[in-house]
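Contents: one structure, followed by commentary.
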Amino acid sequence: MLFKQQAWLRQKLLVLGSLAVGSLLYLVARVGSLDRLQPICPIEGRFGARSQAEFPLRALQFKRGLLHEFRKGNTSKDQVSLHDLVQQLPKAIIIGVRKGGTRALLEMLNLHPAVVKASQEIHFFDNDENYAKGIEWYRKKMPFSYPQQITIEKSPAYFITEEVPERIYKMNSSIKLLIIVREPTTRAISDYTQVLEGKERKNKTYYKFEKLAIDPNTCEVNTKYKAVRTSIYTKHLERWLKYFPIEQFHVVDGDRLITEPLPELQLVEKFLNLPPRISQYNLYFNATRGFYCLRFNIIFNKCLAGSKGRIHPEVDPSVITKLRKFFHPFNQKFYQITGRTLNWP
């Protein structure tokens, strides 16, 4: 009996010893691999006394793992603070426009080691119920980041919602505001296509685009149709200019971001006073998807969701012509206000 107990105890100790050695070897290998994969990026510019501090390009992946452990109860707030991670209010917001490429822009900016993105649309400033929860509720919706990084969120409903400019101004009157736009008629059709797909998933019928975009009584453009109203960019921008100077806005060409993303991203880096870090290496064209995908390093690549780049329905050419003629004077005014001329028909 004693012999059996001793044999069982030896077996138990052997298993525990193997687990301990295995865990140690895994940690050593993991740290070594992370060191090899972490290019160091100096952050320059306007981030205060610690602006010359260096942090790893893959810091955000580590941060996400740490936050996951924290939520599971496997780590403490003290351990989080040891890594200098904080939840910061955004220093820049992508305020719109819907179907202009806001998700693509956010994901591409996240390639920069100084940028941390909020993964979900927060809808704080455009939702009365969320706004009533207060600024600390909003802050806690932000991702953990290093103090010298910029947190960015995107909620495209911000651009067209009347109360939003004043609410954002009250939070931070010097915040940077990003607007990504596409050719207005194309954007309106894309807007329609997304709604149509949602209806079809629920086996519901929906009007053709032509019926919604053109008033059947007057045969003129239907400005009551939300997809049309959203594409009148200058009308919405004028409301924002009551609170913010034009210098705090940057217009991103959403059409060019699809076909030639790097120059657009470099302009945003400059606007945000970030050192240039995004390169052609980080962007590669996926012929199957027909879009550029993102390369963070030799291991981690990412493409946008399959719902991006929906095929638009065919629209009556006369309706497209009528819409483009309608949007033309608004486009000219938008160019004049923003100082950026886009190649729209």
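Just so you know, the numbers here start at 1 and follow the chain as drawn.
Including glycine, each Cβ sits where the backbone N, Cα and C put it.
Since we're looking at a predicted model, the values are computed, not measured.
Only one of Cys219, Cys293 is recorded by TrEMBL as the disulfide partner of Cys303: Cys293.
It is 14 Å from the Cα atom of Gly101 (3'-phosphoadenylyl sulfate binding site) to that of Cys303 (disulfide bond). Cα to Cα, Ser190 (3'-phosphoadenylyl sulfate binding site) and Cys293 (disulfide bond) are separated by 20 Å. Note on the binding-site residues Lys99, Arg103, Arg310: the fewest other CB atoms within 10 A surround the CB of Arg310. In sequence order, Asn286, Arg289, Phe291, Cys293, Leu294 make up the list of same-chain residues 6 or more apart from Cys303 (disulfide bond) whose Cβ falls under 8 Å from its Cβ. Long-range neighbours of His312 (3'-phosphoadenylyl sulfate binding site) (same chain, six or more residues apart, CB within less than 8 Å of its CB): Thr186, Ile189, Ser190, Thr193. When the recorded positions Gly101, Ser190, Cys293 are scored by other C-beta atoms within 10 Å, Gly101 scores highest.
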